[in-house]
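Undergrad: Swiss-Prot feature annotations, pasted as is:
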type	residues	note
BINDING	GLY118, SER119, LYS120, GLY121, LYS122, SER123, THR124	ATP binding site
Amino acid sequence: MRLSDLRGRTVAVWGAGREGRAAVIAIAAHGPADLVAVDDSANFLALPWEGPLAEAAPLVTGEEGFARLAAAEVVVRSPGVPNTHPWLVELRGRGVTVTQGSALWMADHARRTVGVTGSKGKSTTSSLISHLLTAVDRPNVFGGNIGVPLLDLPDADLYVLELSSYQCADLTDSPRVAVVTALFPEHLDAHGGEREYYRDKLNLLAHGPQTIVVNGADPRLAAELGDRPAVRAGSPDTTHVAPGPDGTPWFHLGDRPLFPRAVLPLVGRHNEGNLCVALAVLAALGVDVVARADALAVAVAGFQGLAHRLTEIADPSGLTFVDDTLATSPYAAMHAIDAYEGRPVTVIVGGADRGLDYAPLREHLAEREITVLGIPDSGQRIVATLAGLPRVRAEVVDDLVAAVRRARELTPADGVVLLSPAAPSYGRFRNFEHRSEVFAEAVRDTAGHPAR
């Protein structure tokens, strides 16, 4: 369904945040017979609904809001409306067409778009793709799940988008290049279960992309894709890391060396995988990555990564403090821990308890010497899950500040103190940025507290 298909139809936009506002303005320009906005959220009218918005669509809520949704031919929901919302279940049961602004936008721009999703790595990989394309004279607009609704993006010849599972769920068109970086259980409460989450995530691939690029090292992706044609980055026949001309690890395309691994400033094998995916996408777009290897190496060297993703904080003690607050699942925390293999690590875990299974984390740490500090709410359950592992020291502390203080006492001077919570921030913190701020402040405030 395209925006132009809404001409002459009754349309309800569900959500009054940035996505809903962008949808109202875009849809109003295409002449719907009737347009209304509905908001059932707790922060109803947190932003004023006035001017062109109010002229284009009245805003309603409560029971009247549901009645207006049910009376519409098409409902355009914001990504924040979960699949499990009882209103959404009822609307679909009544046969109401439900879509999103991202789906309407994609229908008109799919052939010019690289779409990147993944349970982890989508932000870094999409940023890398956009950054590297610019370095080889391929201008692009970067957007998606980074605060700017797709319907607000300027016109461009090429788009690179980071797409959440919520944004992927209602797509009826796949982008020209569809990319998946990783697949593991996440956001199960919003999607209704693990299978439903995978279905919504992989809907990005379901509508005829020209090329699919995936992380070939991800076992769940491999199982879900089966024998479907795809570029499996990390495999020997495509972009991968292997010994180079000087015997050190290099990035390669097939048997052709590109540049040393040391050029990439990001730590961790998972970030090697992210760059392999990004380079494979450039090749799929027709970039001669071998001929442009020098320019790409310079661009890679200048890529400093994104905030709150293995962001190191300077400390006079010799300890390396690392903010990885966006690691909200056990699998993400496992990647972060692996990034500092060979060094003593104290990892701080815990946050909002969504009932995730932490058994994979226990299995991952079974042979590793590591200190684990659990903070509320899920930290106590994580520590209990790790009980009995012979090389794991695990204890519960009162809060994040206490965890930083305790980490200074337990971690050797050349060690790493890693905030990789394996859980979301809500409940104890306003958002993930607030959790990051509290961590950084605790690091500063305890700087006079000697390491072990």
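Each residue's number is its place along the chain shown, starting with 1.
Note: Cβ is positioned from N, Cα and C throughout, glycine not excepted.
Let's see these features in context: how buried, what's close, how far.
TA: According to DSSP, GLY121 (ATP binding site) sits in a coil region rather than a helix or strand. In sequence order, THR181, ALA182, ASN215, HIS270, GLY273, ASN274, VAL277 are the residues near GLY121 (ATP binding site), counting only same-chain partners six or more apart with C-beta under 8 A.
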Undergrad: Cβ within 8 angstroms of the Cβ centroid of GLY118, SER119, LYS120, GLY121, LYS122, SER123, THR124: which residues besides those meet this for the ATP site?
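TA: These residues sit around the ATP site: VAL116, THR117, THR125, THR181, ALA182, ASN274.
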Undergrad: Sorted by position, what residues of the same chain at least six away from LYS120 (ATP binding site) have a C-beta under 8 A from it?
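TA: Set apart from LYS120 (ATP binding site) by at least 6 residues yet with Cβ under 8 Å, we have THR181, ALA182, PHE184, HIS270, ALA327, SER329, TYR331, ALA332, HIS335.
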Undergrad: By a simple count, how many Cβ atoms lie within 10 Å of the Cβ of LYS122 (ATP binding site), its own Cβ left out?
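TA: Total other Cβ atoms inside 10 Å, all chains included: 26.
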Undergrad: Near THR124 (ATP binding site), how many other Cβ atoms are within 10 Å of its Cβ?
TA: 25
Undergrad: Does SER119 (ATP binding site) have same-chain partners at least 6 apart in sequence with Cβ under 8 Å from its own Cβ, and which are they?
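TA: Expected: THR181, ALA182, LEU183, PHE184, PRO185, GLU186, LYS201, SER329, TYR331, ALA332.
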